[in-house]
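What follows is a single structure, written as structure tokens, with notes after it.
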């Protein structure tokens, strides 16, 4: 059942991209081919994850220490599938080994279709500020599309990063947790040069409840309520942080009860706003 859930997707959701991680070129190629067989339309290779449990297996950003192995993996995966293969990296392993330009050139030579660069080394994790100068250097060194990532938490920041780095696109990660409205704001500023009005509190609450319902439907009763907990925590950070409610909500294991309790909480907030 978990395997089927991970493979589930809908045709109306747009492109179906699958990210793979590992260190064995042949295994990575096989994984890519299997996912394409099951409907993946893009294969993305993860060489940016800084997590210890991933790096200990010589996967994620740990691979940046071994450019020759990176080349073997990329070439094997590209040759194994007939769909676009993309890559995500960091600027390097640490400050003494920033090799994102070298990796970018290798990626282009191997047939990678687009490269996402998170503007930190693996050693930085998520500390400090994103290195937009290094993303800019990658963009200037290769022809394939470059996607800038790191610290993009507003529409204005998104526009600045695009203009400064010359990147072809941006990727937003942590800043979107609990704030999915950020994407519309970015699109409005970049595509239409207009400032978005944030949804009202009432609109946000309604959209959040619909999102939770869809999480329950997609993941099922056994898993949906667990995944819902972290999303609610993210949403509340931007609406009204409440540690007591969070503790109460996290103790609920029934999806229907989650919705009832969350709706009641939102009604209390909305009533206070009216006052």
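Heads up, the Cβ atoms here are built off N, Cα and C, so glycines get one too.
Note that the coordinates shown come from a computational prediction; the quantities given were computed from them, not determined experimentally.
Record features, source TrEMBL:
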- 49: active site, proton donor (ACT_SITE)
- 19, 88, 118, 173, 174: FMN binding site (BINDING)
- 11-267: domain 'DUS-like FMN-binding' (DOMAIN)
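Known features from TrEMBL, placed on the structure.
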residue : record                    : DSSP (3 states)
19      : FMN binding site          : strand
49      : active site, proton donor : coil
88      : FMN binding site          : strand
118     : FMN binding site          : strand
173     : FMN binding site          : coil
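For the domain 'DUS-like FMN-binding' (11-267), the model gives a mean pLDDT of 96. In the structure shown, across all protein chains, 118 is the one of the binding-site residues 118, 174 with the greatest number of other Cβ atoms within 10 Å.
Residue pairs drawn from 19, 88, 118, 173, 174, the listed FMN binders, are separated by up to 18 Å at the Cα level.
Spatially close to residue 173 (FMN binding site) yet at least six residues away along the chain are 149, judged by Cβ distances under 8 angstroms. For the pair residue 174 (FMN binding site) and residue 49 (active site, proton donor), the Cα-Cα distance reads 13 Å.
Counting only same-chain residues at least 6 apart in sequence, those with a Cβ under 8 Å from the Cβ of residue 88 (FMN binding site) are 19, 44, 45, 46, 47, 48, 115, 116, 117, 118, 149.
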